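For reference, the structure discussed in these notes is given below.
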Amino acid sequence: MAKNIIEKIWESHVVHREEGKPDLLYIDLHLIHEVTSPQAFEGLRLAGRKVRRPDLCFATMDHNVPTKDIYTVNDPIAKKQMSTLEKNCAEFGIQLAGIGHPDQGIVHVIGPELGLTQPGKTIVCGDSHTSTHGAFGALAFGIGTSEVEHVLSTQTLWQNKPKTMEIRVNGKLGFGVTAKDIILAIIAKWGVGLGTGYIIEYTGEAIRNLSMEERMTICNMSIEAGAKAGLISPDEKTVEFLRGRRFAPKEEFDKAAEYWLSLASDPGCTYDKVLEIDASEIEPYVTWGTNPSMGTGISGRVPTVDDYESETDKQALRKALEYMGLEEGQPITSIEIQHVFIGSCTNSRLSDLRTAAQIVKGRKVAPGVRAIVVPGSYSVKKAAEEEGLDKIFIEAGFEWRNSGCSACLGMNEDIIPSGERCASTSNRNFEGRQGAGARTHLVSPAMAAAAAIEGRFVDVRNYLKQEQQA
Ligand SMILES: CC(C)[C@H](C(=O)O)[C@@H](O)C(=O)O
Ligand code: SF4
């Protein structure tokens, strides 16, 4: 019988199944960071347990890292979480890419980079954006701290089997439109609850045409669509991305590649639900509200209460606009920003930085705008510097930082001040996400770069056109 990739991976990982109980799944890779692991290790210690498979764990530091001066951690909680992770990894024999380590970076950036992330694996991490790894055809999802403890001690996890959903992105993306715009458009179209209870497989011509880095951007935000996980069937691009990576199979590579490709959803397979969207209709997106579905194309406007039927929706709009300091019906291009953040596990990989650099090259950040670029990993930073991208950003007036989560969330020194507005390439825009009272607009790296230059949102396609004519 034709099967989809979600069923194939799930079924091959069930180690125990019993009527009326969740399945017990085997976990192939456990990624760890400093925020959600301390209590899990403490639980093990109290119970006198060991880590069952330290060789299947990999830890890094990302959320708390001060990206300006990585060795000066002023916040006592951050300091404690980081030193605790060091101590735990040493005690339990887990590889750690800590501060200053060449493998350090945002956990969802380094997994694929090191080749730890591979098709067919079950991957967990105490972090909701673990869905990012699904870009490789892995079943990857976030877990809570008590589950982190369970996986540490048993290398298994109890899970109810979610339903399966296909989101087919048909046709070709228009000029200057990116993966970030696809996922923002999907969430705007069907809402933040669209994936609740499901694992999503993204399919279709537009998805096939994306690079692996762009596919990660899509899968990353599956959680913002409410899904348990999101993935993309492996193809030749997946195989080529992994070839030669440190933790990818070596002599056995071709055999592994053959297996990986066999995991792709079979022609004629079915899903519990199918949604379709036409890529050619998608514009560069900007969110105007306080959840990722509150967004529109750059040529659009902030909605008015009359655009909504229900009183609840009207009320949600009023509340969002009050927090965001926006007027009903305001054109998106009239929104002025004071901050630009290019970074996060959604958009901080080398191709994201290249795209942004192409736009800022030879231009200057608008007066009154503070713009920062935070590479997703030490190795992205190094690669970008080898290409001279750092110089392009610095000359334009951007700050060039070390890798970490940075301004994606208010957990380190990169906080957006209350009432100020940030064009951000990250994935969450709820109240207070980038700092108390901060106003976040989610955009692609290209749109963020153009906003930095103009001090307001503009259609980046006009920039790119000028670029091509020049
Ligand atoms: C700190 C961590 C638990 C959290 C998550 O799970 O997503 C963070 O990464 C985030 O993006 O909000
Ligand atoms: S970059 Fe942001 S979304 Fe990603 S793991 Fe860090 S805090 Fe979470």
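Sequential numbering from 1, following the chain as shown.
From the backbone N, Cα and C atoms, a Cβ is placed for every residue, glycine too.
Quick look at what TrEMBL lists:
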- Cys345, Cys405, Cys408: [4Fe-4S] cluster binding site (BINDING)
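Cβ proximity to the [4Fe-4S] cluster site centre (mean Cβ of Cys345, Cys405, Cys408, cutoff 8 Å) flags the following additional same-chain residues: Asp62, His63, Ile106, His129, Gly343, Ser344, Thr346, Ser348, Gly376, Gly404, Ser406, Leu409, Ser426, Asn427.
With a cut-off of 8 Å between CB atoms and residues at least 6 apart in sequence, the same chain places Phe341, Gly343, Ser344, Cys345, Ser424, Ser426, Asn427, Arg428, Gln434 near Cys408 ([4Fe-4S] cluster binding site), listed in sequence order. Under the three-state DSSP scheme, Cys345 ([4Fe-4S] cluster binding site) falls in the coil class. Cys345 ([4Fe-4S] cluster binding site) counts 29 other C-beta atoms within 10 Å of its own C-beta, drawing on all protein chains shown. Cβ environment of Cys405 ([4Fe-4S] cluster binding site): Asp62, His63, Val65, Ile106, Gly343, Ser344, Cys345, Met411, Asn412 lie under 8 Å away, each six or more residues apart in the same chain.
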